[in-house]
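*Asks:* Dumping the structure here so I can ask a few things about it.
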């Protein structure tokens, strides 16, 4: 299965009639493995800061999580495993695997819990596959 298939069929899938606004799988080096068409263009340092927060939990809390043109307020997550952010009625979930970051961005009517479920389910699967 290609990385694009994981994005198209597993991250952008429909959940209770809703789906993520955009999603991507990005290597720890910041290289995009696959992304949805609406995934924002980001700066290398934005991905570096996300990785740093996994290594140093709480790093992003005072400055926010930036991805492309959007700044997310970092909210509860799982230190070293999941970062969650909020912006208005939407937000972001980032799950770290051994080699990649699984990223999902949502807006209402999708809920934070639905986004977390979609992103973390694929992330957990990739971890079990050694990826």
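Just so you know, glycine gets a Cβ as well, placed from its N, Cα and C.
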*Asks:* Among 64-80, 81-97, 98-114, where does Swiss-Prot put the label motif 'Involved in PIP2 interaction'?
*Replies:* 81-97
*Asks:* Hey, how far is residue 13 (disulfide bond) from residue 111 (phosphothreonine), Cα to Cα, in Å?
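*Replies:* Roughly 14 Å, rounded to the nearest whole number.
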*Asks:* Which of 13, 115 (the disulfide-bonded residues) has the most other Cβ atoms within 10 Å?
*Replies:* 115
